[in-house]
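Data first, discussion second: the structure below is written as structure tokens.
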Amino acid sequence: MSKTIAINAGSSSLKWQLYQMPEEKVLAQGIIERIGLTDSISTVKYDGKKEEHILDIPDHTEAVKRLLNDLIHFGIIGTYDEITGVGHRIVAGGEYFKESVVVDDKVVEQVEELAALAPLHNPGAAAGIRAFRKILPDITSVCVFDTSFHTTMQKHTYLYPIPQKYYTDYKVRKYGAHGTSHKYVAEEAAKMLGRPLDELKLITAHVGNGVSITANYHGQSVDTSMGFTPLAGPMMGTRSGDIDPAIIPYLIAQDPELKDAADVVNMLNKQSGLGGVSGISSDMRDIEAGLQANNPDAVLAYNIFIDRIKKFIGQYFAVLNGADALVFTAGMGENAPLMRQDVVNGLSWFGMEIDPEKNVFGYRGDISTAASKVKVLVISTDEELCIARDVERLKQTIS
């Protein structure tokens, strides 16, 4: 019996979940937010309790110290020695990593080197890895990459139609993201459908603040909507998704506040999407409230959001030459029935039909009608559990 921590570290946050393995029992979970500020927030949930404290956490090393001390303070563990493994979620693994790996110095350097592919994620993840290695140097540390699942894409799918020297010299290509989530929900969908995964064609829709759609053929990713970075694909919470790239130099020339390409990319990453179009919020709950109030900007943002998701799902019906099921997961995918209904209503030609009595908040499972030729499933993703499982698997290889 061992205890494993799954870590999702960002530039100013550290989200964690502690498991008892191999039972896969969640012992505690929490998040440390606003790292680097004097009013950082540490939240711990365990045994039905919730503890929240505001304090000064200047960096990721102090965040990890706080996390470990909280585990002891609240009696969740007795000593640090009870923790035998830690797994880190890494958004971008580039072409270096086709599967999860045990961390060493070279791995950390490569994660940092790939920061350009995930500037909002990889630097914080690397800081989290370094912090754990400093404080718990003797435990097994593992990196689990969002991009690994998508390394099964064929070359004609992952290459962009630009001169090949940009791939050979600079590795410019589609990498995808959310792979851990897409892999998990595809496996769960096969169980739900009672069929082997290697016989199924699935379209998985991870719809959270970040949005990605994946075409899954017999258990493998054959195409996905995120690209060289997680900025590509449908409209998202704060990200634009796909736009005409010629817009970037045009905006630099027109808007004095946008001085260079980095400024435009920052705007596309952080000030666009639902929040940017609506001017209200990047949260679908706020957008739906705007719909009820007939706010025209909320209506416009919502309509663009639905339109872009439908288009990617439609593409992947073509890529797969049909599909057995459409799977919704992540924050909005699991908790926004109106969004699911409006997406599927626009895809009825493919033989999908939602049962309105099942398509309600909190329902998990098959939400399609008996007559629906393509099943529509709602499955809760569990990236943290996937990370913990990979830690346990890799621990066996080095024991």
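A Cβ is built for glycine as well, from the same backbone N, Cα and C atoms used for every other residue.
Noted in Swiss-Prot for the protein shown:
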- Asn8, Glu383: Mg(2+) binding site (BINDING)
- Lys15, His206, Val207, Gly208, Asn209, Gly210, Asp283, Met284, Arg285, Gly331, Met332, Gly333, Glu334, Asn335: ATP binding site (BINDING)
- Arg89: substrate binding site (BINDING)
- Asp146: active site, proton donor/acceptor (ACT_SITE)
- His178: site 'Transition state stabilizer' (SITE)
- Arg239: site 'Transition state stabilizer' (SITE)
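Positions of the features from Swiss-Prot, shown on the structure.
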residue	record	CB count, 10 Å
Lys15	ATP binding site	18
Arg89	substrate binding site	22
Asp146	active site, proton donor/acceptor	27
His178	site 'Transition state stabilizer'	30
Val207	ATP binding site	26
Asn209	ATP binding site	17
Arg239	site 'Transition state stabilizer'	27
Asp283	ATP binding site	16
Met332	ATP binding site	26
Glu383	Mg(2+) binding site	23
Nearest of the binding-site residues (Asn8, Lys15, Glu383) to the residue listed as 'substrate binding site' - Cα to Cα: Asn8
Proximal residue to Glu383 (Mg(2+) binding site) among recorded positions His178, Met332, Glu334 (C-alpha distance): His178
Fewest other C-beta atoms within 10 angstroms, as judged across Asn8, Arg285, Glu334, which are the binding-site residues: Arg285
Integer Cα-Cα distance in angstrom, Lys15 (ATP binding site) to Asn8 (Mg(2+) binding site): 5
Top Cα neighbour of Asp283 (ATP binding site) in the set of recorded positions Asn8, Asp146, Arg239: Arg239
Arg239 (site 'Transition state stabilizer') and Glu334 (ATP binding site), distance between Cα atoms, whole Å: 20
His178 (site 'Transition state stabilizer') and Val207 (ATP binding site), Cα-Cα, nearest whole angstrom: 10
Cα proximity to Arg285 (ATP binding site), best match among recorded positions Asp146, His178, Arg239: Arg239
